[in-house]
């Protein structure tokens with residue numbers, strides 16, 4: 001590890017270390033998997049038995065709410081001053097890949113009507129149990145559904161329904177990103193937002209998220225992340241803009257494990273968040 | 001991990017123990033992972049009856065009667081407590097919560113500040129100086145506009161020890177490059193033409209009372225017992241009328257004899273300074289007709305170790321705080337008004353070389369001083385706010401009062417568990433967590449800072465959709481995280497400030513006076529000191 005780092009520094013590899021590698025995995029036209037979901041991933045989440053709401057392995061993800069909830073809240077409200085305790089009342093969100101509902105519950109608590117979908121049965125079960133046991137007041141505006149996004153989109157009544165589609169820390173588990181973004185596009189109302197947080201495809205991300213977090217320290221179960229599935233902000237931007245979105249912002253996120261706090265940063269080498277707006281014009285032409 | 005370190009350092013373990021035990025816990029985490037999997041697989045079996053399994057977790061509800069429950073209980077309705085309550089009432093997220101403030105005194109209809117404005121009134125002898133951060137806080141609470149007619153803006157402050165001309169003059173903060181470095185808006189204070197504002201405590205209280213919806217205040221009731229059971233997520237409070245309530249978060253702003261502190265496990269360090277303070281209102285001489293009386297004066301009197309502060313109140317009146325050794329205080333309180341005025345003037349004008357106490361230390365100081373005088377060019381007509389210190393003309397009859405000065409603090413901790421419980425359920429703010437010498441006029445400002453930061457963090461947590469007031473482990477963990485963040489944020493301010501306050505007296509007494517002449521020229525450093533004092 002140390003040798004590797006020293007080598008990287010000596011041979012001026014640092015810029016390379018922090019820059020993105022294009023693998024062009026999902027941008028290749030013609031190759032089309034019919035699913036966004038990897039069967040391995042689903043069985044991994046079914047068997048991993050994550051302790052979503054307590055325990056140390058999900059602590060960074062729980063702490064991430066410090067950044068992503070204000071991001072979603074302020075994107076939806078347009079940054080206006082908050083005057084009620086339910087500022088998201090009247091907005092509808094869908095959390096794709098909701099896991100144990102870590103993000104759904106805060107959003108629902110702020111008044112939004114939230115739908116959480118996830119292809120893993122045990123994740124959905126954990127999320128529903130937590131809602132019923134600990135946050136029973138949210139059962140009116142928080143619903144979970146065990147489904148993949150492409151199956152969810154088949155039902156046309158879901159089209160153009162959501163003010164925001166949130167895909168937080170899921171893109172790195174998605175097989176066919178193009179299909180995933182296309183499905184998201186169908187769900188969002190014209191002018192609505194796609195909010196994504198994910199991991200960049202850099203060596204830094206590989207070292208931090210796979211080598212250190214999974215293999216050396218064992219903070220996350222091994223096999224949570226796969227390097228090939230990470231995506232760099234530039235390729236994601238291309239992909240998203242190709243699918244009728246305009247990217248509003250891309251921002252890096254940094255985690256401090258000692259204070260377990262996240263903060264915004266300019267460096268997108270590891271984690272980043274992207275907000276994209278669905279263009280209203282083209283949908284009008286289509287319809 | 002941090003909270004574990006915290007817990008072990010509380011238990012006075014040595015650093016080695018901490019390391020060893022930390023290693024052990026990490027192992028435990030790894031080992032216990034499979035068990036957790038098993039646990040997580042259990043619930044589907046019992047999920048047919050979720051309500052039954054959830055009940056035992058909520059503790060108190062299973063046995064005994066249900067007491068009225070509040071999310072936040074504030075003990076103590078002083079300035080800090082009331083302004084915290086007002087902050088909560090004005091936050092859209094916190095005003096929805098069930099909040100209660102306990103005040104031991106009877107309800108008195110608040111003074112109408114608007115009527116008072118043109119009346120002749122007796123100036124109260126308990127005054128406070130408000131820094132710009134506190135002014136900003138009251139401004140955000142929409143109270144400042146009511147207080148402003150009574151607040152005396154102070155343009156500068158002159159501090160000296162041996163010679164008046166060899167003192168330090170603090171002027172309002174100028175924007176410097178450091179402000180560009182500090183981007184955190186929490187610390188940023190907009191520039192102001194004044195250094196601080198002097199205002200009577202009663203006026204602040206009345207201003208706050210006029211704004212507060214008093215339905216969340218319970219007057220004439222005292223906390224008589226605080227009780228918690230291990231594993232319980234609420235705290236049970238017994239009031240003086242034998243009624244009981246439960247709460248998720250108990251906030252102690254009940255002054256230096258805090259009952260909340262005494263019934264928690266937070267260690268209190270206190271020290272008797274063997275000094276007493278005498279306060280009162282005096283009339284002071286004006287230098288000219290243009291003199292607005294807008295300078296605060298403070299002298300560390302070298303020959304008797306008194307500290308005298310004169311804080312401007314109106315055009316002609318000032319409030320004084322004289323701290324004297326404890327054994328002299330009774331004698332001074334018995335002095336006639338004329339004799340006391342003479343004493344004050346003596347403390348303002350008498351030079352050190354009149355009384356020569358030939359200790360080794362003063363010899364060293366004087367030698368250094370005369371050496372420094374040869375090095376530093378003296379320009380007496382520098383930036384003195386007045387040519388001479390003001391002369392005390394008369395003292396308002398019956399305005400003298402005295403109280404003992406003590407130092408006490410719970411720092412570095414402000415958050416703790418109630419005795420008998422095992423969960424961090426109470427936080428101390430204001431004088432209950434830190435009681436300081438009044439010489440810097442910072443006591444109230446530090447307390448208001450605690451209230452503001454605590455309110456901000458609670459508001460932020462709720463605005464992020466966190467569930468911090470529920471009866472389960474996750475929400476308890478989130479609440480603790482919020483409280484620890486408040487504590488950490490305040491440590492950065494409180495510890496340096498309290499250290500400064502309590503070394504200032506020795507610094508001014510023993511350092512050669514020419515050091516201050518030199519220091520007075522370091523505008524950059526002075527500016528940063530003013531910025532620090534005025535920030536949160």
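Here the Cβ of each residue, glycine as well, is placed from N, Cα and C on the backbone.
Because TrEMBL annotations are produced automatically, they should be read as predictions rather than curated entries.
The S-adenosyl-L-methionine binding site feature in TrEMBL is assigned to A:68, A:97, A:118, A:168. For A:169, A:172, A:173, the entry in TrEMBL reads Mg(2+) binding site.
In the structure shown, the C-beta of A:118 has more C-beta neighbours within 10 angstroms than that of any other entry among the binding-site residues A:118, A:169, A:172. Around residue A:68 (S-adenosyl-L-methionine binding site), the C-beta neighbours below 8 angstroms that are at least 6 residues distant in the chain are A:103, A:166, A:168, A:195, A:197, A:273. Of the recorded residues, residue A:169 (Mg(2+) binding site) and residue A:118 (S-adenosyl-L-methionine binding site) place their C-alpha atoms 12 Å from one another. Comparing residue A:97 (S-adenosyl-L-methionine binding site) with residue A:173 (Mg(2+) binding site), their Cα atoms are 9 Å apart once rounded. With respect to their backbone Cα atoms, residue A:172 (Mg(2+) binding site) and residue A:118 (S-adenosyl-L-methionine binding site) stand 14 Å from each other.
Here the binding-site residues are A:97, A:173, and the one whose Cβ sees the fewest other Cβ atoms within 10 Å is A:173. The full span of the recorded S-adenosyl-L-methionine binding residues, A:68, A:97, A:118, A:168, taken as their largest Cα to Cα distance, is 19 Å. Rounded to the nearest whole angstrom, the C-alpha distance between residue A:173 (Mg(2+) binding site) and residue A:118 (S-adenosyl-L-methionine binding site) is 12.
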